[in-house]
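This report refers to the structure that appears directly beneath it.
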Amino acid sequence: MWPPDPDPDPDPEPAGRSQPGAAVPGLRALLPARAFLCSLKGRLLLAESGLSFITFVCYVASSASAFLTAPLLEFLLALFFLFADAMQLNDKWQGLCWPMMDFLRCVTAALIYFAISITAVAKYSDGASKAAGVFGFFATIVFAIDFYLIFNDVAKFLKQGGSADETTADKAEEENSDSDSD
């Protein structure tokens, strides 16, 4: 899907009859691949962005409109990470620490959603505030699952990297040490 096909079909079909597998030019090139959207990370990012948008709409309609900035920012950040992961920007921009940025985004989102959801449910009595609080709790759970999975991936990576470095360092130390202690 990405990048778009450089040589389009030389003999296009008339309008109304299109091939089922034909690529549609235009904005479809910007859509994430189906394989990514079906992966666990893709589904989590879709859930995060969907719940953030629903929570944002609920806060707009409620009397707790002071809290609408956090879901809006989390919605935009989730969309950014969705498209960044789908377009594999983490491979293209090596200077950024993508797992750490994603981890911090998820941790802060879970904490902020938890705090504003408790406040929205406890302090405000209208139905939209209560709905925003409930969707905020669901978003807290989804963000917590995401940061737990990111943490496990980073921990596995560091354990593998750390153990490989230690064995290499131990071998180098053994080779460089003097065995003439007599």
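Glycine is treated like the rest: Cβ placed from N, Cα and C.
TrEMBL annotations:
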type	residues	note
COMPBIAS	1-12	compositional bias 'Acidic residues'
COMPBIAS	172-182	compositional bias 'Acidic residues'
DOMAIN	36-155	domain 'MARVEL'
REGION	1-21	region 'Disordered'
REGION	163-182	region 'Disordered'
TRANSMEM	53-83	transmembrane segment
TRANSMEM	103-125	transmembrane segment
TRANSMEM	131-151	transmembrane segment
Other parts of the chain folded back onto the transmembrane segment (103-125), taken as Cβ under 8 Å at six or more residues beyond its ends: 48, 55, 59, 62-64, 67, 70-71, 74, 77, 81, 132-134, 136-137, 139-140, 143-144, 146-147, 150-151, 154
DSSP-assigned states of the domain 'MARVEL' (36-155) in counts, ordered helix, strand, coil: 105 helix, 0 strand, 15 coil
